[in-house]
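In what follows, a structure is listed as C-alpha coordinates, so that the remarks can point back to it.
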Amino acid sequence: MPSLSITRQGWIAYAIAAVTVVLDQISKLWILGLLGREPGASLPLLGPIHLTMVHNYGMSFGLLRDSDWGRWLLIGFSILVVIGLAVWVHKATRPLLAVGIGLIIGGAIGNNLIDRVIYGYVVDFIDVSRLYFPWVFNIADSGISVGVALLLLDSFLSEENKLSHQTE
(Lines of atoms letter the chains of each structure in order from A; the text may use other names.)
(Lines give C-alpha, C1' and ligand atoms only; values in the text may rest on other atoms or scores of the structure.)
Protein backbone atom coordinates (compact mmCIF):
# COMPACT_ATOMS: atom_id res chain seq x y z
CA MET A 1 0.00 0.00 0.00
CA PRO A 2 1.46 3.42 -0.96
CA SER A 3 2.42 5.82 1.81
CA LEU A 4 0.09 8.74 2.46
CA SER A 5 2.79 10.85 4.11
CA ILE A 6 3.56 14.25 2.62
CA THR A 7 7.09 14.74 1.32
CA ARG A 8 9.24 17.77 2.10
CA GLN A 9 8.60 19.07 -1.42
CA GLY A 10 4.88 18.53 -0.86
CA TRP A 11 4.93 20.66 2.29
CA ILE A 12 6.78 23.41 0.40
CA ALA A 13 4.25 23.32 -2.46
CA TYR A 14 1.19 23.25 -0.21
CA ALA A 15 2.47 26.08 1.97
CA ILE A 16 3.14 28.24 -1.09
CA ALA A 17 -0.26 27.31 -2.56
CA ALA A 18 -1.98 28.30 0.69
CA VAL A 19 -0.16 31.65 0.86
CA THR A 20 -1.00 32.32 -2.80
CA VAL A 21 -4.71 31.56 -2.25
CA VAL A 22 -4.89 33.69 0.91
CA LEU A 23 -3.12 36.69 -0.69
CA ASP A 24 -5.25 36.36 -3.83
CA GLN A 25 -8.55 36.18 -1.97
CA ILE A 26 -7.68 38.96 0.51
CA SER A 27 -6.67 41.22 -2.38
CA LYS A 28 -9.95 40.48 -4.17
CA LEU A 29 -12.05 41.19 -1.08
CA TRP A 30 -10.13 44.44 -0.66
CA ILE A 31 -10.62 45.47 -4.29
CA LEU A 32 -14.33 44.56 -4.21
CA GLY A 33 -14.70 46.75 -1.11
CA LEU A 34 -12.72 49.56 -2.73
CA LEU A 35 -14.18 49.56 -6.25
CA GLY A 36 -17.41 47.60 -5.82
CA ARG A 37 -18.54 44.92 -8.24
CA GLU A 38 -19.26 47.21 -11.17
CA PRO A 39 -16.98 46.31 -14.12
CA GLY A 40 -14.88 49.16 -15.43
CA ALA A 41 -14.51 51.03 -12.14
CA SER A 42 -10.90 52.21 -12.03
CA LEU A 43 -8.55 53.97 -9.65
CA PRO A 44 -5.02 55.21 -10.45
CA LEU A 45 -2.53 53.62 -8.08
CA LEU A 46 1.04 54.44 -8.98
CA GLY A 47 2.17 55.91 -12.29
CA PRO A 48 1.00 53.57 -15.06
CA ILE A 49 -0.56 51.09 -12.61
CA HIS A 50 -4.31 51.26 -12.06
CA LEU A 51 -6.79 49.17 -10.14
CA THR A 52 -9.57 48.34 -12.60
CA MET A 53 -12.50 46.01 -11.90
CA VAL A 54 -12.88 43.36 -14.59
CA HIS A 55 -15.17 40.34 -14.56
CA ASN A 56 -13.38 37.58 -16.47
CA TYR A 57 -15.96 34.99 -17.51
CA GLY A 58 -13.62 33.11 -19.82
CA MET A 59 -10.03 32.09 -19.76
CA SER A 60 -6.97 33.44 -21.55
CA PHE A 61 -7.84 35.77 -24.42
CA GLY A 62 -11.56 35.54 -23.58
CA LEU A 63 -12.00 31.91 -24.62
CA LEU A 64 -15.29 30.37 -23.38
CA ARG A 65 -16.53 33.71 -22.02
CA ASP A 66 -19.89 33.45 -23.77
CA SER A 67 -20.47 29.81 -22.89
CA ASP A 68 -22.98 28.83 -20.19
CA TRP A 69 -21.12 25.58 -19.53
CA GLY A 70 -17.64 27.14 -19.78
CA ARG A 71 -17.62 28.06 -16.09
CA TRP A 72 -18.18 24.45 -15.04
CA LEU A 73 -15.74 23.14 -17.61
CA LEU A 74 -13.04 25.45 -16.22
CA ILE A 75 -13.85 24.44 -12.63
CA GLY A 76 -13.62 20.74 -13.55
CA PHE A 77 -10.40 21.25 -15.50
CA SER A 78 -8.89 23.16 -12.57
CA ILE A 79 -9.73 20.33 -10.17
CA LEU A 80 -7.98 17.86 -12.49
CA VAL A 81 -4.94 20.14 -12.80
CA VAL A 82 -4.69 20.58 -9.01
CA ILE A 83 -4.94 16.80 -8.47
CA GLY A 84 -2.32 16.13 -11.15
CA LEU A 85 0.06 18.71 -9.70
CA ALA A 86 -0.48 17.36 -6.17
CA VAL A 87 0.53 13.89 -7.37
CA TRP A 88 3.52 15.30 -9.27
CA VAL A 89 4.87 17.27 -6.31
CA HIS A 90 5.22 14.08 -4.27
CA LYS A 91 7.61 12.76 -6.90
CA ALA A 92 9.57 16.02 -6.99
CA THR A 93 13.07 16.09 -5.55
CA ARG A 94 13.98 19.72 -6.20
CA PRO A 95 12.69 22.70 -4.17
CA LEU A 96 12.39 24.98 -7.23
CA LEU A 97 10.00 22.50 -8.81
CA ALA A 98 7.94 22.38 -5.60
CA VAL A 99 7.75 26.19 -5.45
CA GLY A 100 6.56 26.35 -9.07
CA ILE A 101 3.95 23.66 -8.52
CA GLY A 102 2.75 25.40 -5.35
CA LEU A 103 2.29 28.71 -7.15
CA ILE A 104 0.30 27.03 -9.93
CA ILE A 105 -1.88 25.10 -7.47
CA GLY A 106 -2.57 28.29 -5.50
CA GLY A 107 -3.39 30.23 -8.66
CA ALA A 108 -5.72 27.53 -9.95
CA ILE A 109 -7.56 27.31 -6.63
CA GLY A 110 -7.78 31.11 -6.28
CA ASN A 111 -9.02 31.82 -9.80
CA ASN A 112 -10.78 28.89 -11.30
CA LEU A 113 -12.19 27.28 -8.19
CA ILE A 114 -13.00 29.90 -5.56
CA ASP A 115 -13.82 32.85 -7.85
CA ARG A 116 -15.85 30.87 -10.36
CA VAL A 117 -17.85 29.07 -7.68
CA ILE A 118 -18.53 32.20 -5.58
CA TYR A 119 -18.89 34.91 -8.25
CA GLY A 120 -19.34 33.02 -11.50
CA TYR A 121 -16.31 34.84 -12.92
CA VAL A 122 -12.71 35.64 -12.03
CA VAL A 123 -12.08 39.00 -10.36
CA ASP A 124 -9.22 40.74 -12.21
CA PHE A 125 -7.98 44.16 -11.13
CA ILE A 126 -4.24 44.78 -11.70
CA ASP A 127 -4.16 47.01 -14.77
CA VAL A 128 -0.83 47.90 -16.35
CA SER A 129 -2.26 48.52 -19.83
CA ARG A 130 -0.45 51.86 -19.94
CA LEU A 131 2.75 49.78 -20.10
CA TYR A 132 1.54 48.06 -23.30
CA PHE A 133 0.30 44.95 -21.48
CA PRO A 134 -3.39 44.96 -22.40
CA TRP A 135 -4.66 42.29 -19.98
CA VAL A 136 -5.93 42.99 -16.50
CA PHE A 137 -4.88 40.27 -14.06
CA ASN A 138 -4.72 39.31 -10.37
CA ILE A 139 -2.40 37.65 -7.85
CA ALA A 140 -3.55 34.14 -8.78
CA ASP A 141 -2.70 34.84 -12.44
CA SER A 142 0.72 36.03 -11.35
CA GLY A 143 1.19 32.86 -9.30
CA ILE A 144 0.37 30.69 -12.29
CA SER A 145 2.68 32.67 -14.61
CA VAL A 146 5.61 32.71 -12.19
CA GLY A 147 4.98 29.04 -11.36
CA VAL A 148 5.16 28.03 -15.02
CA ALA A 149 8.35 30.09 -15.44
CA LEU A 150 9.88 28.30 -12.43
CA LEU A 151 8.93 24.90 -13.88
CA LEU A 152 10.70 25.84 -17.11
CA LEU A 153 13.73 27.15 -15.21
CA ASP A 154 13.85 24.00 -13.07
CA SER A 155 13.65 21.84 -16.19
CA PHE A 156 16.48 23.79 -17.82
CA LEU A 157 18.66 23.67 -14.69
CA SER A 158 18.07 19.96 -14.11
CA GLU A 159 18.95 19.17 -17.74
CA GLU A 160 22.07 21.32 -17.47
CA ASN A 161 22.99 19.50 -14.25
CA LYS A 162 22.52 16.10 -15.96
CA LEU A 163 24.73 17.18 -18.86
CA SER A 164 27.50 18.44 -16.57
CA HIS A 165 27.48 15.14 -14.64
CA GLN A 166 27.67 13.15 -17.89
CA THR A 167 30.77 15.04 -19.09
CA GLU A 168 32.68 14.56 -15.83
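Just so it is clear, glycine is given a Cβ too, placed from its N, Cα and C backbone atoms.
For reference, Swiss-Prot has these:
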- Asp124: active site (ACT_SITE)
- Asp141: active site (ACT_SITE)
- 15-35: transmembrane segment (TRANSMEM)
- 69-89: transmembrane segment (TRANSMEM)
- 95-115: transmembrane segment (TRANSMEM)
- 133-153: transmembrane segment (TRANSMEM)
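If one looks beyond the transmembrane segment (69-89) by at least 6 residues along the same chain, the residues whose Cβ comes under 8 Å of a Cβ in the stretch are 7, 9-10, 13-14, 57-59, 97-98, 101-102, 104-105, 108-109, 111-113, 116-117, 120-121. Counting in whole angstrom, Asp124 (active site) lies 9 from Asp141 (active site) by their C-alpha atoms. Summarising the environment of Asp124 (active site), the number of other Cβ atoms within 10 Å of its Cβ, over all protein chains shown, is 22. Cβ neighbour count for Asp141 (active site) (all protein chains, 10 Å cutoff from its Cβ): 20.
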